[in-house]
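S.K.: This is the structure, below, for whatever I ask next.
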Amino acid sequence: MSPTTSTILISSLATGTIITMTSYHWLLAWIGLEINTLAIIPMISTRHHPRSTEAATKYFLTQAAASAMILFSSTTNAWYTGTWDITQMSTTPSHILLTTALAMKLGLAPVHFWLPEVLQGSTMTTALVITTWQKLAPMSLIFMTVNNLSPTMLMTIGLFSSMIGGWGGLNQTQTRKIMAYSSIAHLGWMSTVTSIMTNILVVNLLIYLIMTTTMFYSLTLSKSKTIQNMSTSWTISPMLTTTMMLTLLSLGGLPPLTGFAPKWLILEELTMQNLILLATMMAMSSLLSLFFYLRLTYTTTLTLSPNTTQTKHKWRFKPMKPMLPLTIFTPMTIIMLPMMPTIIY
């Protein structure tokens, strides 16, 4: 892709998200989402390959359907109430339609099927953009309309997503599909706590973005597209392999790593609201996710002896990508737990 094209696409992505996040009128929010969708489709289909074309088509159809549903819900709401204000989504049919549309935009269960397929058909960098930047605009709409959305529906979607995110990832060998199911599970946790405490939602989203960026950057640097690739990544850089292992454990939510904080806060909040059964089921579903993170950790660091093996798969090429983002994000992924009280309050 030429520098001019990539500049136009990236600036359109940023513009679309910012328009949606700063708008109070439904039509402006919808325009922002459309700009966002149309900017990322060429990025998905840059590789002239049937799989990337298929991924772009699936992404376009899903996002177009979700955008149409958002437009339909806002029109219905305007019809009943006479206002296009985002914060005044007060009619029941409208907010049910909106919740379904935003779940489809984010890739929450049961409308999650497009996400693993689209990630598998795109490059690592595009997959990183889809799982991080593309979540900001729908999340900001949820944040603005949370007072009018149904808590029961959000919690049910969250529970389904965390369970399906765990189950779906168990049988995968492709790292992009594993990261897709990981994304579904994390967004499920966010959906569960949305209607209870938005502070925790924002913190969880921030930590999710940091951890996912670190993981995708590590996978890009080590050129790991499958679990088998990851098992030979020690020969590229032992340090990168070690930090990748810690990032995976942080994604799984093990203490004392950063990823433990959002799970801890959400479970504590659910318990305080007397939602004991939901908290128990969420904790059980996180064990499913933890299983495939541990399996990845095991194949990455524990199946080879810690020496430079003469493997034919990997060579010690100098990395072409800048290492500075990884240097910034890795410590935040691993050792930010003690800073949590400062961030939340």
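Glycine residues also receive a Cβ, built from the backbone N, Cα and C atoms like all the rest.
All annotation found in TrEMBL is predicted automatically rather than curated by experts.
Pasting the relevant annotations from TrEMBL:
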- 23-288: domain 'NADH:quinone oxidoreductase/Mrp antiporter transmembrane' (DOMAIN)
- 56-75: transmembrane segment (TRANSMEM)
- 95-115: transmembrane segment (TRANSMEM)
- 152-171: transmembrane segment (TRANSMEM)
- 203-222: transmembrane segment (TRANSMEM)
- 234-255: transmembrane segment (TRANSMEM)
- 275-294: transmembrane segment (TRANSMEM)
- 290-344: domain 'NADH dehydrogenase subunit 2 C-terminal' (DOMAIN)
- 323-344: transmembrane segment (TRANSMEM)
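Walk me through the surroundings of each of these features.
M.R.: If one looks beyond the transmembrane segment (56-75) by at least 6 residues along the same chain, the residues whose Cβ comes under 8 Å of a Cβ in the stretch are 26-27, 29-30, 33-34, 37, 40-42, 44-45, 84, 89, 93-95, 97-98, 100-102, 104-105, 111, 114, 117-118, 121, 130, 141.
With a threshold of 8 Å between CB atoms, the same-chain residues lying at least 6 positions outside the transmembrane segment (95-115) that come near it are 33, 58-59, 62-63, 65-67, 69-70, 72-74, 76-77, 89, 130, 135, 137-139, 141-142, 145, 148-150, 153-154, 157-158, 160-161, 163-165, 180, 183-184, 187-188, 191.
Tertiary neighbourhood of the transmembrane segment (323-344): same-chain residues 199-200, 203, 206-207, 210-211, 213-214, 217-218, 221, 243, 246-247, 250, 255-261, 265, selected by CB-CB distance under 8 Å and a gap of 6+ residues from either end.
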S.K.: Relative to the transmembrane segment (152-171), which of 203-222, 234-255, 275-294 accounts for the most Cβ pairs at distances under 8 Å?
M.R.: 275-294
S.K.: Near the transmembrane segment (203-222), which same-chain residues lie under 8 Å Cβ to Cβ, leaving out any that are not at least 6 residues past its ends?
M.R.: 124-125, 127-128, 131-132, 135, 139, 175, 179, 182-183, 186-187, 189-190, 193, 229-230, 233, 236-237, 240-241, 243-244, 247-248, 250-251, 258-259, 261-262, 265-266, 319, 321, 323, 325-326, 329-330, 332-333, 336, 340, 343-344
